[in-house]
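Please read the structure below before turning to the comments.
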Amino acid sequence: MKLPIYLDYAATCPVDERVAKKMMAFLTIDGTFGNPASRSHKFGWQAEEAVDIARNQIADLIGADSREIVFTSGATESDNLAIKGAAHFYQTKGKHIITCKTEHKAVLDTCRQLEREGFEVTYLSPEADGLIDLEKFKAALRPDTILASIMHANNEIGVLQDIKAIGELCRANKTIFHVDATQSVGKVEINLEELAVDLMSMSSHKLYGPKGVGALYVRRKPRVRLEAIIHGGGHERGMRSGTLPVHQIVGMGEAYRIAKEEMASEMPRLKALRDRLYNGLKDIEETYVNGSMEHRLDSNLNISFNYVEGESLMMALRDIAVSSGSACTSASLEPSYVLRALGLNDELAHSSIRFTLGRYTTEEEIDYTINLMKGAVEKLRALSPLWDMFKEGIDLNTIEWSAH
């Protein structure tokens, strides 16, 4: 077993060796290095063919038509293109948008920008388990609601929303439905032929592909229109200009192909490991799982260890790579806004650790993690006067702390 142990697969994944090998054939003079937009020679044709194959591999995983796949620089750009693109195109029909408070910043900040442009956004609060109440969603829909954006799997707590039911509510209201599926693609069965999803954001590096490339699914029937946010040579049917990075696209395609092939065997394996981790940690006093355990990614476990500061715990866990909050926002000292939206107090939100398992996680690593966690929590609580007070039966909420 090699230390440190990587348990932060929701932040990024290593590139699968098979993917890296495939990508290498599209970089040098001996490889297929052409510009897919070069229509006058073999170098361009070969590159275009490679892009087409990757487009089909991505479409195959999600039950889409390859013509519905638009390549972007990543899921953040896909979210921006979907939300701004649809809002701007359909603004004559209305200016109301619905989203949820636990969405990724790429969705929330894009909605904030649209508010500055005169759009109105309803931010739904999830239930305590992280799920959206469908009745509340239905009640938020209005005749002028042009767009709803709800993520499939949450990046912090791994909770899976019922995108089938939400999509049907949107379709009945003639509202465009965007899903951020960055965390769920390749981990959960998605068949867009059966879902009323109009736009779907995807990433490559969350599924063992390279960083710097992603895709947006744009439905053809019923056709969804977008206003471009990057202008230029009219690539990607005018929706996203810019020379296509063939090696990255090929890598993403190969990663999606592997995921389709191995998903049925890999997800039960990860669920068994995740449950092993949970069973090993749940007996620690004052630990709380964040988010529904029933409707959740098999690879995610988010636990709050009360009376332990999350940052101190992470420092004590030098041999394990985990995160306390989303990788995109963990640079700030604010407690996780996702956990706050579930109703957790600052202390519990600050004491949360996200474990996300992946393709290279082993049983040995999980057992090592359990032992290390138990020791670290015990050690830090031994240093905590709050823990002593709690053990003495003092209700800490009744204490008035003096301000400094």
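For all residues, glycine too, the Cβ spot is worked out from N, Cα and C.
According to Swiss-Prot, the features are:
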ACT_SITE  CYS328  active site, cysteine persulfide intermediate
BINDING   ALA75, THR76, ASN155, GLN183, SER203, SER204, HIS205, THR243  pyridoxal 5'-phosphate binding site
BINDING   CYS328  [2Fe-2S] cluster binding site
MOD_RES   LYS206  N6-(pyridoxal phosphate)lysine
Residues near LYS206 (N6-(pyridoxal phosphate)lysine) in space but at least six apart in sequence (CB under 8 A): TYR9, ALA10, THR12, CYS13, ALA75, THR182, GLN183, VAL185
DSSP-derived class (H/G/I helix, E/B strand, else coil) of SER203 (pyridoxal 5'-phosphate binding site): strand
Distance in Å spanning the most remote Cα pair of ALA75, THR76, ASN155, GLN183, SER203, SER204, HIS205, THR243, given for pyridoxal 5'-phosphate: 30
Cβ atoms near THR76 (pyridoxal 5'-phosphate binding site) (within 10 Å, other residues, all chains): 21
Binding-site residues compared (ASN155, SER203, SER204) - the one with the fewest other Cβ atoms within 10 Å: SER203
Other CB atoms within 10 A, centred on ALA75 (pyridoxal 5'-phosphate binding site): 27
Spatial neighbours of HIS205 (pyridoxal 5'-phosphate binding site) that are distant in sequence (at least 6 apart) but have CB under 8 A: THR12, CYS13, VAL15, GLY74, LYS211, GLY212
Protein Cβ atoms within 10 Å of THR243 (pyridoxal 5'-phosphate binding site), excluding its own: 12
